[in-house]
Each structure stands twice: as structure tokens, then as C-alpha cells.
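K.L.:
Below: one structure in C-alpha cells.
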Amino acid sequence: MAITAKPKAGVWAVLWDLLTTVDHKKIGLMYTATAFFAFALAGVFSLLIRTQLAVPNNQFLTGEQYNQILTLHGATMLFFFIIQAGLTGFGNFVVPLMLGARDVALPRVNAFSYWAFLGAIVLALMSYFFPGGAPSVGWTFYYPFSAQSESGVDFYLAAILLLGFSSLLGNANFVATIYNLRAQGMSLWKMPIYVWSVFAASVLNLFSLAGLTAATLLVLLERKIGLSWFNPAVGGDPVLFQQFFWFYSHPTVYVMLLPYLGILAEVASTFARKPLFGYRQMVWAQMGIVVLGTMVWAHHMFTVGESTLFQIAFAFFTALIAVPTGVKLFNIIGTLWGGKLQMKTPLYWVLGFIFNFLLGGITGVMLSMTPLDYQFHDSYFVVAHFHNVLMAGSGFGAFAGLYYWWPKMTGRMYDERLGRLHFWLFLVGYLLTFLPQYALGYLGMPRRYYTYNADIAGWPELNLLSTIGAYILGLGGLVWIYTMWKSLRSGPKAPDNPWGGYTLEWLTASPPKAHNFDVKLPTEFPSERPLYDWKKKGVELKPEDPAHIHLPNSSFWPFYSAATLFAFFVAVAALPVPNVWMWVFLALFAYGLVRWALEDEYSHPVEHHTVTGKSNAWMGMAWFIVSEVGLFAILIAGYLYLRLSGAATPPEERPALWLALLNTFLLVSSSFTVHFAHHDLRRGRFNPFRFGLLVTIILGVLFFLVQSWEFYQFYHHSSWQENLWTAAFFTIVGLHGLHVVIGGFGLILAYLQALRGKITLHNHGTLEAASMYWHLVDAVWLVIVTIFYVW
């Protein structure tokens, strides 16, 4: 292949290249650009908020407008900037380079993930153009307000579901890439710390995102068809919504933080000219955060009336998680201590982070104490705290990463003076914006108030100071945009390694070529700093044979599939459910998946090197299944809580056990048939393989038909909008039915690939992933039979 080939010049050629690319670097650039655009947009929203609060009794915004802008500010900053920039933006661009790989494990899935992410942003913002306007319920969309509001909540909920699907695919892809595509000789303990941070954040997100998905799905079901778990009128519990929501939304603070801690550590090591202090301890601290991060969510709920023991337990774990977080902070400080500091722009952001994050950490430990939390709950003290952690923590980390990798991403240097001016404006503006808010919290100002009276002591003066600080931040944002524009327009060309970095991305050109590396990488990795080690040992890097370089083909179908799925969610949000348009777009989405599955990923057969010996599809699906298990687990846990508390009482007339046993026979039998079909494929017996796969599909169709008939009968003989047990049955069993459809469609794709000859002895197409997913569907069904039909 011609490894120097470039897309044709011209606007349409460039646009087509972006729509069809599967190159991890281009996708990383698109993620990064979109995320920082979201940051700028959220910044504009914040200026509108602070303008409204600058003086008492201001009429710049109405209460409804203020609530809408506040909701979009929080959602845009958290979901579309902080998570995405550090994890999917820099991660997509840098992680394969750091691992010495040509691309991610699943390139087309990666492209689909980006376009779905972009669709989620558009979906959230387009609510402005529909009756009711943008959502005004806050980014937390607390029940019951979110169930009753007539604003654009449906669009917001649909956007969260689409974004969640994108995130899960992206996270599974990262973990599969890290496990499978490391350079030969690079063990897990020789990976750069940023790769470890992406791994930790991805694992945590895969496990915890189920909480947000469950909360979002259940509120959307109540809004669209009246199926409620949280409505007290039918025995539901509104606090259960908070349990679901915060089970994700506090762990996601660490998803927002971990990648940036990795970035800051990389920057500190490079500009201190010394190895990372306590590398192994930092890795263990990251994994400790992953474990403890799932045990702290309920500190957001100290004031909802839970038991004293409940509050003490979560207060303990909230304080405990400060230990691994503090370890990572001291690792960064220890790396800088005694180093030959090169005071470049990225390092300024590291130093600013250390001071501000320490302040945020101290106030976080304060809030873990239940008496103080009672005092400060929903006050501006909390607002200042989480901006300390996220704005001056993750936000500063994002700019450290942007300035650090900007020369590698763009091939251009930037004006150091402008970069430093940007930093100082942000630091001063941040401190002036949020330090007064701690005082406002002490003085009792609640968050989310759109105005206040002039006679409340201290409020007018402190709010004015905070608003002045916000405008200084805005000025810093303008300097940042100008710095980037000037660099792209006339910045000096960047050398391959402008900072003297030690990790593998600095071995590539600036910007990297399509195939990433021109040289054959050595198989010895003495430490996480291979460039330093190889230079010290005098290792000679030999050119790679172009015949050994294989890149995936571009494809239109990931973009098409994401676009049709986006259109499906628009139809769900904008129209009553069900409606004809949602079925039309769902059919178009299925068509895109068929075309995707039948398209060749590579121009000719390629033998992939994987560290684990498992295929990329196997590894990606294994980790995606973690998220699916989490989703069913949290819904089933919620159902068991309602059932054991006596709120969800089964009706006298329930679905028949004999039908469930018949379906169990069909589904369990299909697990055996798909297993033996896969076994036949491995032995090269293609006719028995195709027959076994066809039998599996038929059994799945029979299961779905029996289940549909049962649903139809029970639907017409039950008060499903008034009985909590029935609502839980339709939710969980219906969700399982959706998974049967998804799994069955995956098997159909594999069967079509088999008929086309795409599945061979060495290329199993989508079969491996589809069969694994099918076994999950079967296992979940056995649990469902036990808790709904037998019990």
C-alpha cells in the first residue's frame, strides 16, 4: 500500500474524508474540537448566568430562561466537555500512539461513537426550536420535576441515552485496545501513566453508567407512556431515582478526573526532566479510586432522610477516597520536586491545578461530614467546591493536555506569551469567580436562585465580585481562541519532539502520518519511558517494511448508522410514542448495520497481533457486557427493593409460568446451538456452522413471538400504569426483549456474512461478539424467570 497517500484537496473531499474516516487521530481531533467547542458554549451560558446574578432583582433573564441556561450550562460542561476532552478526545489521538499501535481495536465502532456523541449534543441543543424550549430541570433532572415539566426534557433524556451508548462503545474500545494492541514487549506495568488513567476511567464508566441509563430510561418511560417506578401515587419511591442517578453521577466525577491526572503526570514528568515519582503507587491509587468511586454516591443524599448508619457508611468512604486521590496529587508534586523545571505553558496549568485542586479536595472532605453537609447542602459552597474540582481541576488539566499535545496534533507551535496570558487570566478569573461563592454558601445563598433581594447582607457585593471574575474568565477564553487561531494560521512548524518527551507519541511525525510509525519498534520496554531507555542503551530504530503496514478502510456506514439512530431519538423525543417515524428510522438504522457488516474492513485479509490472543471483537464485547450486566443488576436491585418493602405487590393474575418455562427451553436451547455452531466454525465445518446459526436465529424468533403474545395478553388484562409490580415487569422483561432483538439481529448479521463468504476459519466476523451477547441474554432470562414468574 502507499503509506504516504493523502486525501484529495478541496472542501468536499475533506468533508467526505471526515465523514468516512476511521483513523483514530482524525477521530480524536474531532472529539477534541467538539469538546472544546462545548466548553466555549458552556462558558457563554455561564456568562449569562453571572450577568443575571451581578445585581439584586435583575431582570436580564426571566426565571424560566435562567433555569434553561443553567441546565444547558451544566449538561454541556459535564457531559460534552469534561468527560470527552480528557478521555475520548486526547485518548483517541494519543493512546494508540503511546501503545505503539496503528489504530484502536475497533476503528469503525470508534467512528460510530464519535458521530453518536455529536448527535447527542445536537439533540440536547435543538430543544430550543421545539415548543416548550430547552430543558429547565437542572442537569440532574430530579424526579418528580422532570416528569412534570413541559420543557425540552424529552430531548435532554434522549440525548443522555444516545451519549451513554456512544460512551459505552468508546470505553469498551479503549479497554480492548489497551489489553490487545500494546506493542510487543510492553507489559501493563510499562504503559505510560496516561494510558493507565484512560483504562481506569473506562472501566469505572462501563460499570457505573448503568445508574444514569436506568434513571434516564425510567423517567422517559413515565413521560412517554406513563410507566412509573418513582411515583408515590402508585407506590413508587422518588428517592430511588436519586440512588440510580448518583450511583453513576458521583463515580463520573472520577471519570472526569482520572484522565486529567494522567495528563498532568505526563506533563510534570516531561517538564521536570525526570521519571514520574511513585509510578506503581500512582497506578494502584487510580485503581483504588475505581473501586472506592462506586461506594460514595449517597453522600449527595445525606438530607433525604436515610438512616444514620447509611449516612455514616457513605461519609466514611467519602473521606477514605481522599487517600488515593491525595496519593496521586503528591505523586505529581514529588515528580516536580528537585526537577529541572522548564516553565512552558503546559507546566503552568499543572501548577495552577495543584493549588486549586487541593482547595477543592479539602472542601470535599468537609462535605463528607454529615453535619457540615446539612448546613451547606444545595448552597453556593457546594457550587464553589465542585468548580474547584472540575473547572480548576479537570478544566486546567484539559488545557495542560491541549497545550502539551497541540504541536503533535496540528504540526504547529503556538505563542508561549499568549498561552501564559491565557493561564493567568483563567487563574485570576477563576479565583475571583468562585472564592466569593464559598462565602456566599456560608451566608446561606442557595444554588439555582435566579435573583435575590438587595437587603441580604453580603450577597450583592459577593455576587458582583463573582461576576467580574466570570468576565475575566471570558476574556481568557478569547485569548485562548486567538492563540489557537494564530497557531493554525501562522505558527512555526513543530518538530517531532518539541518538549523532549519520553513516550512513544513523540517518536512520530508532527502531525503523525496515517500509519503512525515509520520504524519497527524494539521489543524491550525497560520502563514507561521507552524513548529515554532506548536512547540511553543506544538502541537503533530500524525502518518498518511497508508491506507489514495495514490500515483499515474508510467507511461511510458508521456515520450513516449514527445519523439514523440520531433521527430515531429525535422522533422519540419530539412525537408521541410509538410513532411511524421512529420505526422508519429504526429500519434505516438496521439497513446501515447490514451494509456495515457486509463491508470489508481491510482491503485484503490481515492477521492481527493481539497481546492476549483474543480477538478485538471478543475483548470489546466482553467489556461491553460488563455495562449490560450493570444495567440489569441496578434495575433488578431497584425492583427487589420495591418488592421487599411491600410497594411492588404482584397482581392476582400474572403471566403464566408455563409460557416462561417454554421460553426458557427455547432460549437455553439456542445457547447450545450457537455454541456448537461456533465450535463447528473453528473446526472448518462450514455447512454445520451455518445450519446451527440458522437454528439459533429461529429459536430466538420463536422466543420473541411467544414473549410478544404474552405481553399483548398481559397488557390488556393488567393495570400497568397503576401497579408497581406490573410496571417493573414490563420494564425489565421488556428491556430483556429488546436485548433479544439486538442479539438476534447480531446473529442475523453473522449469518449474512457467512452466506457472503466473509466468515472464514480465521475471520469470524461479528459471530464471536454476537454469540457472547446471546449467552448474556440467556443468563439474564434465567434471573428474570426466577424473580417475576417463580417468586
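For all residues, glycine too, the Cβ spot is worked out from N, Cα and C.
For reference, Swiss-Prot lists these features for the protein:
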BINDING   HIS73, HIS387  Fe(II)-heme a binding site
BINDING   HIS250, TYR254, HIS299, HIS300  Cu cation binding site
BINDING   HIS385  heme a3 binding site
REGION    1-473  region 'COX1'
REGION    545-791  region 'COX3'
TRANSMEM  29-49  transmembrane segment
TRANSMEM  78-98  transmembrane segment
TRANSMEM  155-175  transmembrane segment
TRANSMEM  244-264  transmembrane segment
TRANSMEM  282-302  transmembrane segment
TRANSMEM  312-332  transmembrane segment
TRANSMEM  381-401  transmembrane segment
TRANSMEM  423-443  transmembrane segment
TRANSMEM  566-586  transmembrane segment
TRANSMEM  657-677  transmembrane segment
TRANSMEM  691-711  transmembrane segment
TRANSMEM  771-791  transmembrane segment
K.L.:
Count the other Cβ atoms sitting within 10 Å of the Cβ of HIS250 (Cu cation binding site), across every protein chain shown.
P.N.:
22
K.L.:
With an 8 Å cut-off on Cβ distance to the HIS250, TYR254, HIS299, HIS300 Cβ center, who else from the chain surrounds the Cu cation site?
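P.N.:
Going along the sequence, the neighbours appear as TRP246, SER249, PRO251, VAL253, GLY293, VAL296, TRP297, ALA298, THR318.
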K.L.:
Can you tell which of the binding-site residues HIS73, HIS385, HIS387 lies nearest to HIS299 (Cu cation binding site) in space, using Cα positions?
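P.N.:
Going through HIS73, HIS385, HIS387 one by one, the closest to HIS299 (Cu cation binding site) is HIS385.
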K.L.:
Give residue numbers and ranges for long-range contacts of the transmembrane segment (657-677): same chain, 6 or more residues beyond its ends, CB-CB under 8 A.
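P.N.:
That would be 688-693, 695-696, 699-700, 702-703, 706-707, 710, 740, 747, 771, 774-775, 777-778, 781-782, 785, 788-790.
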K.L.:
Reduce the DSSP letter at HIS250 (Cu cation binding site) to three states and note it down.
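P.N.:
Where HIS250 (Cu cation binding site) sits, the three-state DSSP reduction gives coil.
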K.L.:
Return the count of C-beta atoms lying within 10 angstroms of the C-beta of HIS387 (Fe(II)-heme a binding site), excluding that atom itself.
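P.N.:
The answer is 20 other Cβ atoms.
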K.L.:
Tell me which of the binding-site residues HIS73, HIS299, HIS385 sits in the most Cβ-dense spot, judged by other Cβ atoms within 10 Å.
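P.N.:
Selected residue: HIS385.
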K.L.:
List every residue in the same chain as HIS300 (Cu cation binding site), at least 6 positions away in sequence, whose Cβ is under 8 Å from its Cβ.
P.N.:
GLN242, TRP246, SER249, HIS250
K.L.:
May I ask you to check whether the transmembrane segment (312-332) and the transmembrane segment (381-401) make contact, with contact taken as at least three Cβ pairs under 8 Å and only pairs 6 or more apart in sequence counted?
P.N.:
no
K.L.:
When you check the transmembrane segment (566-586) against the transmembrane segment (381-401), do you get at least 3 Cβ pairs under 8 Å, counting only pairs 6 or more apart in sequence?
P.N.:
no
K.L.:
Using Cβ distances below 8 Å and needing 3 or more such pairs, separated by at least 6 in sequence, tell me whether the transmembrane segment (244-264) contacts the transmembrane segment (381-401).
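P.N.:
In this chain the transmembrane segment (244-264) contacts the transmembrane segment (381-401) - 3 or more Cβ pairs sit under 8 Å.
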K.L.:
Who are the chain neighbours of the transmembrane segment (423-443) in space, where the CB to CB distance is under 8 Å and they lie at least 6 residues beyond its ends?
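P.N.:
Same-chain residues near the transmembrane segment (423-443) but 6 or more away: 50, 345, 348-349, 352, 356, 363, 376, 379-385, 387-388, 391-392, 396, 399, 456-459, 462-463, 465-466, 468-476, 479.
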K.L.:
Using a Cβ-Cβ cut-off of under 8 Å, list the residues of the same chain that are 6+ residues beyond the ends of the transmembrane segment (381-401) and lie near it.
P.N.:
36, 39, 77-78, 81-82, 85-86, 90, 253, 256-257, 259-261, 263-264, 267, 346-347, 349-350, 352-353, 356-357, 359-361, 363-364, 367, 422-423, 426, 430, 433-435, 437-438, 440-442, 447, 480
K.L.:
Short question: which residues 6 or more past the ends of the transmembrane segment (691-711) have a Cβ under 8 Å from it?
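P.N.:
Tertiary neighbours of the transmembrane segment (691-711) are 655-656, 659, 662-663, 666-667, 669-670, 673-674, 676-677, 680, 730, 733-734, 737, 740-741, 743-744, 747-748, 750-751, 754, 767, 774.
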K.L.:
Fill in the CA-CA distance, TYR254 (Cu cation binding site) to HIS73 (Fe(II)-heme a binding site), as an integer in Å.
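P.N.:
Just about 20 Å between their Cα atoms.
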K.L.:
Between HIS73 (Fe(II)-heme a binding site) and HIS385 (heme a3 binding site), what is the CA-CA distance rounded to a whole number of Å?
P.N.:
17
K.L.:
Inside 10 Å of the Cβ of TYR254 (Cu cation binding site), count up the other Cβ atoms and send me the figure.
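P.N.:
Here the count is 25.
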